[in-house]
Amino acid sequence: MQSAKPLFDYPKYWAECFGPAPFLPMSREEMDLLGWDSCDIIIVTGDAYVDHPSFGMAIIGRLLESQGFRVGIIAQPNWQSKDDFMKLGEPNLFFGVAAGNMDSMINRYTADKKIRSDDAYTPGGMAGKRPDRASLVYSQRCKEAYKHVPIVLGGIEASLRRIAHYDYWQDKVRNSILIDACADILLYGNAERAIVEVAQRLSYGHKIEDITDVRGTAFIRRDTPQGWYEVDSTRIDRPGKVDKIINPYVNTQDTQACAIEQEKGNVEDPNEAKVVQILASPRMTRDKTVIRLPSVEKVRNDAVLYAHANRVLHLETNPGNARALVQKHGEVDVWFNPPPIPMTTDEMDYVFGMPYARVPHPAYGKEKIPAYDMIRFSVNIMRGCFGGCTFCSITEHEGRIIQNRSEESIIREIEEIRDKVPGFTGVISDLGGPTANMYRIACKSPEIESACRKPSCVFPGICPNLNTDHSSLIQLYRSARALPGVKKILIASGLRYDLAVESPEYVKELVTHHVGGYLKIAPEHTEEGPLNQMMKPGIGSYDKFKRMFEKYTKEAGKEQYLIPYFIAAHPGTTDEDMMNLALWLKGNGFRADQVQAFYPSPMATATAMYHSGKNPLRKVTYKSDAVTIVKSEEQRRLHKAFLRYHDPKGWPMLRAALERMGRADLIGPGKDQLIPLHQPATDTYQSARRKNSTPAGSHKVGKDPKTTLIQTQHTGLPPRGSDGSKPWDKREEAKAAAMARNKQAAKERMDAAKGGKGKGGKPARKPVVPR
């Protein structure tokens with residue numbers, strides 16, 4: 001794989017003399033205090049500004065600041081007018097626009113298209129502080145505010161909408177967001193390299209329209225430039241006329257002339273020697289090859305072509321062998337350069353080692369930002385995921401190659417949290433990333449890695465070229481928990497259990513020291529049909545890991561539980577599959593409360609299946625096998641009801657479905673039967689977590705969850721209490737103990753008031769006031 005210029009090798013911009021700001025400014029008053037007369041770059045984001053490396057605007061802002069640029073932040077502006085977009089003045093170089101850490105549509109709507117009642121990235125968790133399709137709206141307002149200032153579009157929303165994409169909320173294929181947003185250039189994936197290169201070039205006076213050779217960018221152009229070889233992939237191959245094989249020794253440019261000479265009937269002398277001229281065919285080099293995808297008009301009207309385009313796109317995601325792509329949108333082309341080169345360990349350390357304040361901007365006062373509260377004591381140790389799950393967009397956004405931080409950098413960040421972050425109690429809530437256990441796991445051969453086009457390194461089985469050694473991660477865990485002032489290191493990121501079982505030593509280390517009562521894992525299903533479409537391992541891998549987990553838990557003398565979570569209504573899932581999953585859940589004693597239905601997010605492979613009914617994991621043709629799709633609201637409710645087989649509200653629907661499927665034998669009181677024959681006299685079931693089902697502003701909380709239930713959020717964790725706490729949090733234990741002491745003291749005071757007698761007629765002891 002080709003190398004890239006290191007992030008720390010660029011010359012600094014002249015404004016470096018101002019030094020790093022305590023916080024990137026959000027107002028003119030803050031700019032004045034810093035001595036700035038203007039911003040070089042202004043970042044507009046749909047999230048509240050938290051100066052922490054888990055928030056995209058903080059990473060990009062601090063990175064640009066480290067290059068010497070003066071960077072301002074406009075967080076969650078009022079998009080109804082251009083006024084908020086002008087409050088920091090006109091930027092000298094460009095506006096950087098992002099919707100935030102989440103796609104704005106997924107952030108606002110549930111998988112059933114219901115409006116969410118909260119927003120974790122907003123102070124107070126308040127919903128409604130960002131528009132739908134925020135990247136598009138913000139870009140248009142920036143252009144309205146300052147017409148001639150370039151707009152650089154980035155973030156996960158823009159990244160996953162860079163190509164013509166199926167939009168679940170409108171149920172149609174939309175243009176590339178670059179067309180609708182009026183932006184000048186789009187940066188996709190983790191954009192550190194691209195944003196620094198673009199900023200540096202603009203600072204040298206280059207025009208934004210001339211920046212067309214930066215990896216990880218998309219832009220609009222009129223036609224294919226000279227010197228490029230275009231591969232036409234606008235149609236699906238089909239049987240047709242086979243052309244006559246041309247004589248390879250004939251100069252094709254002179255074929256017509258040869259035909260004329262032959263018509264003259266001249267007879268050549270067989271004894272006369274002739275010089276044969278062999279013409280070199282034009283060589284197709286990867287660096288100058290572009291693949292033309294079907295146009296937006298074609299994929300909008302032909303779902304099979306859409307699936308074909310999705311397949312080609314995903315085959316061109318390896319930075320080592322990816323070629324440029326181009327897609328026609330009306331009269332213009334949207335051009336996609338190959339993905340960015342992954343960052344080295346030194347560069348990852350550089351990015352995560354910048355002077356983050358690690359707290360929200362002071363402008364928010366004491367208002368809590370739920371997303372920050374969730375991650376303020378967590379540490380990101382790597383990026384990327386080679387799992388390739390078709391319903392997930394992490395691989396499309398962060399890449400398949402794992403980008404690791406050094407152990408020294410991670411330890412420094414833990415020490416910084418210990419010494420700097422308010423409220424630290426000695427517990428690191430997570431040491432992970434997109435997955436918990438892919439740290440320093442990679443292909444054994446860089447050459448093979450650069451040439452590979454497989455969508456997953458672990459499906460249908462673990463690739464023999466994948467190094468599954470967990471020793472670096474084990475050493476990191478041991479070093480982290482040995483730090484003074486650190487009481488506990490928890491692992492809250494999702495565990496890839498099919499990888500973990502390859503290293504029993506790792507499972508033992510994890511279970512013995514790093515599980516806080518619950519460990520979340522994601523089998524997603526039990527049946528082969530949906531698992532194959534998800535590219536997830538069979539349930540046998542889960543069973544193997546469960547045995548190891550229980551063995552090492554028992555050896556450690558602990559009481560710990562696995563929290564498996566599942567997806568309903570995923571492409572490839574039949575009613576019978578969901579029935580079998582429900583039987584498995586009941587047989588294993590699981591009662592899932594909060595259920596996640598499949599959410600068709602932009603650009604995901606499973607979304608292409610959902611829209612087209614075809615499987616882009618294989619060659620797509622009009623006659624290729626169809627994929628079972630669950631689209632109707634009624635069937636989606638049925639699949640969720642199977643997962644919540646214990647909820648009486650779903651029993652009438654399940655009875656009708658089981659009778660229709662010829663499985664009425666599963667209706668009855670037996671332990672091997674799924675649901676009772678009759679409804680209860682009163683509905684006693686109540687969800688332990690009713691988020692998104694209560695009106696905005698309501699703070700009702702259900703009854704305490706029973707220990708036999710699995711109450712899972714979309715993260716797979718048990719539900720939070722009314723105050724946002726976690727069940728295993730030590731603070732909750734202390735609070736419960738204090739309440740018990742209060743009750744005991746109150747009882748003793750009452751006894752004293754009644755006659756000064758305690759138990760057995762003895763004088764009551766003086767009440768103890770709890771501290």
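Any Cβ shown, glycine's included, is placed from N, Cα and C.
Annotated domain 'Radical SAM core' per Swiss-Prot: 371-649, in sequence order. Annotation comment: Swiss-Prot describes C385, C389, C392 as [4Fe-4S] cluster binding site. Swiss-Prot lists 726-735, 745-754 with the feature compositional bias 'Basic and acidic residues'. What Swiss-Prot lists as compositional bias 'Basic residues' is 756-765.
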Other CB atoms, at most 10 A from the CB of C389 ([4Fe-4S] cluster binding site): 22
Cβ-centroid neighbours of [4Fe-4S] cluster site C385, C389, C392, 8 Å, sequence order: G387, G388, F391, S393, I394, T395, P434
Nonlocal neighbours by CB distance (under 8 Å) for C392 ([4Fe-4S] cluster binding site), same chain, sequence gap 6 or more: C385, A604
Helix, strand or coil at C389 ([4Fe-4S] cluster binding site) [DSSP, three-state]: coil
For the domain 'Radical SAM core' (371-649), the mean pLDDT of the predicted model: 95
Neighbour tally for C385 ([4Fe-4S] cluster binding site), based on other Cβ positions within 10 Å of its Cβ: 26
